[in-house]
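Participant: I have a structure I would like to understand better, so I am pasting it below and will then ask my questions one at a time.
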Amino acid sequence: MHGHGGDGTAGGADGAGAAIVARNVHRSYGKRSSKVKVLQGLNLTIPRGSIYGLLGPSGCGKTTLLKCLVGRLTIDEGHLTVLGKEPNTQGHAVPGSLVGYMPQEIALYPSFTVWETLRFCARLHNLKTYEFEPRATFLLSLLDIIDLKDRYISNLSGGQKRRVSFTAALLHSPPLVILDEPTVGVDPILRARLWQHLTELTNGPSPTTVLITTHYIEEARQAMYVGMMRGGRLLAEAEPEHLIHRLHMSSLEDTFLALCHTHSIGANTHDDLCTLDRVAGDWRSRGSSSSSSGGDGQREDEQSTVVAVAEEEEEEGEEEIGEQQQQQQRRRSFRFDRRSKTAGHADTRAHGTQGRPHAAHVNDTGSLNATGQEIDEAAPLLASSRHHHHHQQQQQQQQQRSRKGEGAVERYGAGRARPNRAKRTKKTQSSRRRWGPGLPTWRNFYALLVKNMLRLGRNYGLLVFQFMLPALQIILYCLAIGRDPTGLRMAVVNDDVGVNVSLPTAHTLRFSDIYLHQLSNKTIHQVPVATYEEAVHRIHRGDCWGVYQFAGNYSQDIIKRLSKDDSPAVIAGSQISLTLDNSNQQISIAIEAATAAAFESMVDAVLGNLSTLAASPVRFEKPIYGELHPTFTDFVAPGIMVSITFAQAIGLTAMSFVLDRKEGLLDRVWVAGARASDVILAHMATQFWILAGQTAAVLFFALVVFKLPIVGSLAWVIVLMMMLGLSGMAYGLFISTQVDSEVGAIQVAMGSFFPVLLLSGVLWPLQAIPQWLLYISYIMPTTWAAEAMRSLMLRGWTILHQDVWLGFVVVLAWTLLLLFFAAVGIRSVD
Ligand SMILES: Nc1ncnc2c1ncn2[C@@H]1O[C@H](COP(=O)(O)OP(=O)(O)OP(=O)(O)O)[C@@H](O)[C@H]1O
């Protein structure tokens with residue numbers, strides 16, 4: 001007999017040789033106050049080479065269990081082996097190629113065609129083209145979607161997508177297939193074909209073990225075993241026909257309802273219920289005993305109660321059950337959920353005997369025998385309850401195994417589960433678990449890289465936009481920031497009457513006109529007005545930035561002053577009075593600079609060789625670094641280049657995994673054995689090319705088109721920019737692993753970018769920041785980088801200078817730190 005309990009159950013006392021063994025498994029979501037207990041002492045055994053249908057109402061924990069089996073979730077407590085070892089054990093390909101997983105969500109990339117999707121999965125499992133193509137063609141034909149192979153996933157119906165997902169799970173012919181509701185939205189004919197194929201797989205030369213969940217309870221009759229789950233525990237596991245017959249029901253659905261009902265009024269363990277034969281026998285011979293106390297006696301009585309209630313219900317409440325059956329035909333799935341939920345509450349109350357050993361166990365060849373006294377009790381019942389079809393299948397498989405010697409069990413590593421393993425805790429399990437991010441593998445990296453490139457290439461518009469955006473930003477920066485303001489309207493009230501001169505001809509000379517002539521007509525646009533009041537009025541209206549006023553005796557007083565008359569009245573009269581709207585500091589500075597420059601020009605024009613008498617007492621020599629007249633553009637440009645590169649990279653990646661995580665797109669990747677480092681590295685490698693293009697475009701416009709000064713090494717500038725881009729990417733990836741929505745990702749990216757920009761000394765010298773804030777500023781990723789960039793571009797310092805290498809070191813440290821946290825965060829699921 002194959003994988004079979006002496007009592008018709010799938011379970012064994014220790015589960016040896018089983019594909020999957022779960023003992024007293026607990027799993028919760030959330031932390032303390034918001035903790036949701038999902039799996040609560042679950043026991044389950046799935047013999048190798050069998051199809052096991054896991055049934056249970058919505059929310060009972062089926063998907064959670066499957067995720068634990070494929071290594072997506074870790075269990076909190078208990079013991080779990082899949083193909084002989086705990087999931088995530090070092091060197092064990094679960095997750096990996098030993099398992100094919102079809103998640104409940106569609107989890108397919110919408111922008112891929114069916115064929116591309118399958119090719120990606122094939123790459124993950126290292127299938128060669130000659131292996132992949134016939135296999136994919138066969139499965140797609142089987143599922144009637146071969147004609148859709150070049151269609152985009154986004155254009156498929158729900159059922160068609162599910163069939164692609166099913167194909168993806170089976171593509172690499174894994175010895176264990178775990179399918180979470182594969183038949184939803186699939187028509188009955190295809191459903192039958194799908195089951196037929198699964199049956200063939202379990203009968204093949206290397207029998208596959210299939211675990212399948214379904215909401216169509218009746219279809220699970222085709223499974224070799226069914227496990228009925230509710231409230232995070234297994235109510236029973238056995239051959240479907242066996243269960244149905246033992247409870248004298250006509251359908252699996254009724255059986256489940258009866259079990260739920262029974263369970264809700266007293267019985268509560270899978271172990272009690274999987275020995276139904278014995279219990280039923282006891283009940284028939286002894287009548288319905290209700291309770292007793294202590295030891296084995298108590299257990300038997302509990303079991304008797306279970307079946308007694310079930311069978312009593314059948315006899316006394318035949319009418320009720322009959323009515324239920326009719327209703328079920330009308331509102332099948334709805335009632336299934338509703339009743340199960342009701343029962344679920346009782347389930348939580350009736351807790352306490354979980355974790356007992358099974359009444360049967362699987363031996364080394366994968367067949368089940370009852371043990372000890374139980375075999376005697378179970379044997380007569382077993383003969384009557386066994387389903388003929390299964391019996392034949394099991395015999396066939398047994399023969400196949402005998403032919404192959406040790407058979408599949410040994411090939412995939414026999415489970416050596418020991419009794420009482422249920423007591424093992426999470427601590428013991430995790431000590432052997434693979435450590436978090438791990439090192440990347442070439443195969444997975446390559447598969448993911450190709451996938452990412454394909455995905456990226458599907459969206460040309462976005463790609464071009466991504467390439468051009470930083471260049472556009474630097475263009476806008478160079479055009480809009482740091483240049484001298486022009487065309488500033490200034491009112492001029494000129495009351496200067498001038499002086500009469502005779503040479504070369506007799507005329508009136510106004511020094512005010514000479515001055516106004518020198519005043520840059522590029523910066524200042526002069527607006528002559530008649531009176532000071534009118535000028536003020538214009539300033540109030542926002543028409544002018546200020547007013548130059550020349551007194552009536554301006555020219556005369558200038559001459560007196562040149563004749564060394566320094567009386568206060570002469571000094572005052574020879575001065576230009578300037579009144580400004582000082583609300584815009586940059587404009588005021590520009591006007592003041594233009595005013596002072598015009599005066600120097602006037603002195604030159606009037607005094608000629610004697611102009612040095614009025615020259616400034618300080619002479620500015622050629623600067624050691626930078627220009628004689630530095631511009632704001634030159635000061636900000638290096639920091640802006642740093643900031644643009646950093647910010648763009650954040651934007652590129654901040655949403656990378658948000659959708660993938662939300663829609664479970666990565667689940668298939670994890671279960672295929674990929675590591676966080678594979679996924680992150682592949683992502684960075686994909687985006688690297690965009691980053692390189694962006695950097696080239698920024699440098700081209702900054703240095704070639706706008707001719708920003710660069711006196712240091714261009715190579716180091718490029719390296720620093722690329723490193724900043726990687727660091728921005730790492731930050732974006734980190735964000736995308738921490739938030740659950742696109743909006744959240746955007747908010748975090750934007751919200752964190754501005755503080756970084758403002759505190760990094762890009763827009764204003766760090767020397768102006770209060771000391772306490774400076775400490776925060778220094779730990780920002782862009783502060784030292786901006787400083788290093790400025791030193792490279794404007795000072796020409798080399799990497800050996802502390803201000804330069806420190807920038808590189810800080811950026812590198814941030815990148816590594818953020819990548820580590822991104823790698824840790826990307827796999828978290830609750
Ligand atoms: N990430 C999560 N955080 C918190 N609770 C969760 C999470 N995932 C699932 N749950 C809860 O755990 C319980 C079991 O969920 P699970 O998906 O395992 O049920 P299921 O039996 O597969 O249901 P269905 O048949 O509807 O798919 C549900 O109550 C669900 O709300």
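Cβ from N, Cα, C; glycine included.
Per TrEMBL, domain 'ABC transporter' is recorded for 20-256. The region 'Disordered' feature in TrEMBL is assigned to 282-367, 383-435. Sequence annotations record features per position, and here TrEMBL assigns compositional bias 'Basic and acidic residues' to 334-350. As annotated by TrEMBL, compositional bias 'Basic residues' applies to 418-435. Annotation comment: TrEMBL describes 460-482, 635-659, 680-704, 710-734, 746-766, 772-792, 804-826 as transmembrane segment. Under the heading domain 'ABC transmembrane type-2', TrEMBL lists 600-829.
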Participant: Among the recorded stretches 635-659, 680-704, 746-766, 772-792, which has the greatest number of Cβ pairs closer than 8 Å to the transmembrane segment (710-734)?
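Facilitator: Answer is 635-659, with the largest number of Cβ pairs below 8 Å.
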Participant: May I ask for the residues of the chain that lie six or more residues beyond the transmembrane segment (746-766) and have a Cβ under 8 Å from a Cβ within it?
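Facilitator: Sequence-remote neighbours of the transmembrane segment (746-766) are 636, 639-640, 642-643, 646-647, 650-651, 654-655, 731-732, 735, 738-739, 773-774, 776-777, 780-783, 785-787.
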Participant: Determine which residues of the chain contact the transmembrane segment (680-704) at the Cβ level, with the cut-off under 8 Å and only residues 6 or more beyond its ends counted.
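Facilitator: Distant Cβ neighbours of the transmembrane segment (680-704) are 437, 440, 444-445, 448-449, 451-453, 456, 463, 466-471, 473-475, 478, 637, 641, 644-645, 648-649, 652-653, 656-657, 710, 714, 717-718, 721-722, 725-726, 729-730, 733, 819, 822-823, 826.
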Participant: Compute the average pLDDT of the predicted model within the domain 'ABC transporter' (20-256).
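Facilitator: The predicted confidence over the domain 'ABC transporter' (20-256), as a mean pLDDT, is 91.
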